[in-house]
Number of protein chains: 2
Amino acid sequence: MSVSTVKSNKCFGGQLTKFSAKATSYNGLETKFNVFIPEGKGPFPVLYYLAGLTCDEDNGATKAGFQGPAAAHGIAVVYPDTSPRGAGIEGETAAWDFGVGAGFYIDATSPKYSAYYKGYTYLTQELPGLLRKTGLPLDLTRQSLMGHSMGGHGALMLYLKNTSTYYASCSAFSPIANPTRSPWGTKAFAGYLQGGVEEGKAWDSTELLKQAKGRELRIRMDWGGADDFFKAGQLLPENFLAVAKEIGAEDQVVATEREGYDHSYYFILTFAAEHVAFHAKYLNALAPGKPE
Amino acid sequence: MSVSTVKSNKCFGGQLTKFSAKATSYNGLETKFNVFIPEGKGPFPVLYYLAGLTCDEDNGATKAGFQGPAAAHGIAVVYPDTSPRGAGIEGETAAWDFGVGAGFYIDATSPKYSAYYKGYTYLTQELPGLLRKTGLPLDLTRQSLMGHSMGGHGALMLYLKNTSTYYASCSAFSPIANPTRSPWGTKAFAGYLQGGVEEGKAWDSTELLKQAKGRELRIRMDWGGADDFFKAGQLLPENFLAVAKEIGAEDQVVATEREGYDHSYYFILTFAAEHVAFHAKYLNALAPGKPE
């Protein structure tokens with residue numbers, strides 16, 4: 001599959017470029033992603049930002065404030081979309097928390113969605129290949145993950161699931177940290193997965209963390225104390241932290257509730273530089289990969 | 001007129017609040033504005049950000065990156081809308097560069113628009129009064145201006161026009177610096193002003209600068225070398241700079257063409273911190289005003 005450039009804007013000395021490609025994981029549908037690369041020669045380590053419900057590849061690039069700190073640390077940022085678009089599955093655009101804009105970064109198994117909704121395969125296998133085809137100076141042997149809300153779930157889940165892809169570190173803003181116990185998560189899993197919420201445990205960060213005992217974890221997590229979704233039990237970081245304690249990993253999960261902050265991009269913006277610095281510490285300590 | 005709170009988000013330790021009020025300058029129509037105040041007691045000096053064509057009070061607040069540096073310098077940022085909304089004048093929503101979202105921050109004199117389009121009166125007289133009514137700790141004796149594109153024109157024009165309002169400093173991103181000679185500006189002035197483009201000279205920063213000889217100026221201006229609107233002669237900062245030289249004020253206008261940057265918010269984002277620091281130098285050097 002070929003990758004084409006939609007547009008490109010100079011930003012903080014680097015370049016933010018939007019690409020378009022047909023994605024096999026999305027049954028051949030067109031998908032878009034933004035890539036920021038800093039000024040200089042590279043190759044640059046790659047930090048993914050997974051956005052939340054209703055978002056696409058632009059929300060993080062325009063509103064989250066990652067480019068400035070990424071330029072300072074010499075890190076590339078990749079902003080994928082949150083779901084396939086245009087599948088035409090009946091009802092997929094009816095709700096803001098399910099279907100289009102709400103793929104949950106998992107591979108669907110229910111017959112209705114499984115042909116198109118393969119977000120996990122897209123992110124872990126297909127997107128790195130598309131990134132290679134851009135010709136940008138990216139070092140895909142050094143990758144880390146961050147995300148917000150549904151994307152925080154996505155970042156934690158991808159990091160904790162034993163994939164063939166290595167991620168150096170993971171951070172989440174206001175993540176849906178225990179989706180099998182939250183209204184958003186159970187709705188999504190019931191719809192996308194043939195085995196429903198029970199099958200969803202394989203995509204649930206809090207469940208996955210139980211299996212991570214003994215593994216070195218590099219996780220950072222922040223959420224707002226005034227976040228209405230946190231207060232309504234949609235996020236449940238407390239469940240994730242309880243498991244971290246159970247497996248003796250509480251020192252490897254830096255988790256902070258931020259007083260007065262809500263679920264918006266203004267919260268992300270405030271802590272964007274700290275999250276990028278967290279990842280830079282690990283990404284820039286790794287030896288650069290061989291050019292491909 | 002009363003001011004009501006639409007919503008409020010914590011950001012960089014401070015608070016960004018959206019307000020709504022009925023504006024006399026807009027013939028009683030509702031208008032909205034965002035105000036960011038840093039953490040702390042204040043009162044804080046006020047830096048206005050005037051947005052460009054098609055924008056409203058949210059573009060700067062969500063995408064420009066001013067809140068972080070404003071918090072660091074202890075400065076409030078006010079984001080007004082770019083025009084009245086809902087006047088219902090025939091044709092006012094037909095074009096993206098005229099009418100709604102494109103008020104040019106001037107007081108219209110043509111009979112068709114003069115009842116509603118009084119952006120200059122709104123910004124210089126009415127908005128400060130509305131800001132007082134918010135009850136926020138703002139020091140309206142210390143004010144500065146910045147803006148982008150049409151808003152860069154607005155910032156320069158308000159700064160240079162001898163108003164009863166004192167502005168400590170002015171900065172512009174990619175301003176329409178000589179609107180009587182640019183397609184956007186001549187279209188706007190021909191439509192809003194009974195005397196057309198000739199009358200528009202009273203609202204043209206390059207024309208106003210001719211009258212500023214001997215005045216101490218504190219102006220900063222940046223534009224992108226790859227800005228298609230700059231290349232098409234919509235901005236004309238070179239005309240503004242030629243007059244600055246004529247009146248011997250070239251040292252008081254810090255103007256820089258930024259290679260490779262375009263007209264987008266990615267450009268603003270890149271230089272946001274430098275612009276806020278420029279204003280902070282002047283605003284924070286002024287003695288705080290008396291509480292009102």
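Including glycine, each Cβ sits where the backbone N, Cα and C put it.
Listed in sequence order, A:GLY52, A:LEU53, A:PHE173, A:SER174, A:PRO175, A:ILE176, A:PHE229, A:LEU235, A:HIS263 are the same-chain residues at least 6 apart in sequence whose CB falls under 8 Å from the CB of A:SER149 (active site, charge relay system). Residues or ranges marked as active site, charge relay system in TrEMBL: A:SER149 (among others).
DSSP assigns A:ASP227 (active site, charge relay system) to coil, not to a helix or a strand. Taken from TrEMBL, the feature active site, charge relay system applies to A:ASP227 (among others).
Taken from TrEMBL, the feature active site, charge relay system applies to A:HIS263 (among others).
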Going by DSSP, is A:SER149 (active site, charge relay system) part of a helix, a strand, or coil?
-> coil
